[in-house]
Amino acid sequence: MSTESMIRDVELAEEALPKKAGGPQGSRRCLCLSLFSFLLVAGATTLFCLLHFGVIGPQKEELLTGLQLMNPLAQTLRSSSQASRDKPVAHVVADPAAQGQLQWEKRFANTLLANGVKLEDNQLVVPTDGLYLIYSQVLFSGQRCPSTPVFLTHTISRLAVSYPNKANLLSAIKSPCQGGTSEEAEAKPWYEPIYLGGVFQLEKDDRLSAEINMPNYLDFAESGQVYFGIIAL
């Protein structure tokens, strides 16, 4: 084959090949393909990082672990709540109609006798052995101070089954007025609250009483000011 024939064949082959796309349309197509490839690579990289550093994926396992840890705690709280409901408790208030004496009453609003505690002979009867919080409050008041000092006492006593004598558990004395005050002070109304509270080991059938020395000075102007109660711990 001559040289001219070979050159001619090459020229014919070049003419038969498709021409490359040119112009603005081809450039936009290439740009879109490049942008899509970049977004695909960026998304795959982000997903890999999230999985690698535990941002997503293990949350379900962590949630299950948290629920497993909370389950014993919830059971403990439920058991504690149930145990609290089963413990002896009492809260009684003074009867304002009982003139000249401190008479405890269980029939009024916000009073409570639960899980074996009884109110007998103006005393709270303990149903079981154990530690108890014992508390009481009284409120004294007067329109004016008398010419002689007034000493107000409030006492919580225990009559135990293990020994016959009555023993004081808590006691307090207050004097709201001082003798020899001026006429202005004597004419001024006064108020004196006394609160007692403490934790004691008690026995079944122990009897507790809360007493005062001057019931005529008790203030019943508002409900809930004079009360007596126990709570098993």
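Cβ coordinates come from backbone N, Cα and C, glycine included.
Taken from Swiss-Prot as is:
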| type | residues | note |
| --- | --- | --- |
| TOPO_DOM | 1-34 | topological domain 'Cytoplasmic' |
| MOD_RES | Ser2 | phosphoserine |
| LIPID | Lys19 | N6-myristoyl lysine |
| LIPID | Lys20 | N6-myristoyl lysine |
| CARBOHYD | Ser80 | O-linked glycosylation site |
| DOMAIN | 88-233 | domain 'THD' |
So what's the mean pLDDT when you look at the topological domain 'Cytoplasmic' (1-34)?
54
Across the domain 'THD' (88-233), DSSP yields 7 helix, 73 strand, 66 coil
